């Protein structure tokens, strides 16, 4: 799946507007406050005309006495409107960013496993953090400048044309050139912003890789390797940032230079007698000040172009992400609790991008309440079969049935509630042990149920020694627990779920011999009246299985009970001899 980012700015903004309009009341208040702010600035400039023509030009005028009150009132209004607009827009943009992040997060949870196989986790995190934050630039800072500076420009232009349309006509000649310059730098900003997003994802991935593998880095002395790698990607980010800053720095003087030409022309025209005769000192000062006043909003609009384009580029990437097809869930069949009979019928499967199949024409049955074990060397396809049971992937051909119904016909969430999985790669959440055992169960289980599951998994042996017991927070991915302890918590989670089909994917591989023996007795109890698929490396754990399948190169090469396979003296017997040091 590739993300199509060829989407117009206008279309992207229209999609972003669906989030912004949810908070249109706050937006409306902010826009009104921004307009008031801009009008107060324009009115301040307009006071120069009566100040010069009446205040200093007429001894009878009382304008100078009222001017301090006017200025104070305008500054007060300007301050209040500035606070209101900033607060309201921050509230709007904060909510929009929150909604966008939730949208991306929720879509991640709907994506198929194959998507995460191809994407770097650092890039995925960057979309939730960096890209989502950039959207704020388009919904707050950019909007502030567009409304306030846009209103200022309109107000100053009206003021100029009202006082001297002849001098103001010069701007009509300059405006197209300014518009072209802003359009040109907008395209440049857009391109650089896209590159910055990509580079930020690479930076995040590089840092995450080091943090997750820091023990390997330290053990193998890889500090210099990681330092060099991060130096390269961080320098790439710096280069992209400098390109953006260079474009911004060049855009401002170019536009100011164009505007200064207009000012030069105005100064020249003001010296022409036919125009000069119509000007008063106040009129000329207002027009000239308004033209100078246009510099600031024009500069701000040029700067906001980069902010707006960064926000649009980020929004475009995020919308392209949520446009990706989620995990297929076309099934409608649902059952409260399956009986647990599993039939695997001539299935074949190839991972996306792989040249050869991971599984080829595999068939076997697991009767209700029986145990089937899969053994074989690493990479032979054992875990792939388990992933197909729960539809983390879909078969290319053949079918897997649960109680005689194709698993693709089940409603996906309902299907997965029929399975409990304990794998060799245990993932625990940064939460209490109790909440990890009862993960996603809500109030379905009582405290006693959780304790009983922990007892059966022999987890209470170490939990009871902890100060907070089941309320102990385990840290990120169970960092405060040993490998064996994490495995016992995972087994307790599966025990509590009490699903009709149990998948044990190297479930005891992280345990020492004593712990394995203790937990194996709990697993034996758990497997009663359940359909069990066991993927094992230690053959001692599956000798009691009703049927053992030897998987090699994606195909079943042997099947039978432990004693039958030993007697056959084939691949299984050879594995057995290697593990137990026989002959």
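Each Cβ is built from the backbone N, Cα and C atoms, and glycine gets one as well.
Swiss-Prot has this to say about the protein:
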TRANSMEM  27-47  transmembrane segment
DOMAIN    28-310  domain 'ABC transmembrane type-1'
TRANSMEM  69-89  transmembrane segment
TRANSMEM  142-162  transmembrane segment
TRANSMEM  165-185  transmembrane segment
TRANSMEM  249-269  transmembrane segment
DOMAIN    342-578  domain 'ABC transporter'
BINDING   376, 377, 378, 379, 380, 381, 382, 383  ATP binding site
Excluding 376, 377, 378, 379, 380, 381, 382, 383, please set out which residues of the same chain place their CB within 8 Å of the center of the CB atoms of the ATP site, keeping sequence order. 551, 552
Ordered by sequence, the long-range same-chain Cβ contacts of residue 376 (ATP binding site) under 8 Å (at least 6 apart) are 382, 550, 551, 552
At a 10 A cut-off on CB-CB distances, which of the binding-site residues 377, 382 has the highest count? 382
Lowest local Cβ density (other Cβ within 10 Å) among binding-site residues: 378, 380, 383: 378
Would you find the one among the binding-site residues 379, 381 whose Cβ has the most company, meaning other Cβ atoms within 10 Å? 381
Could you give the mean pLDDT over the domain 'ABC transporter' (342-578), rounded to a whole number? 88
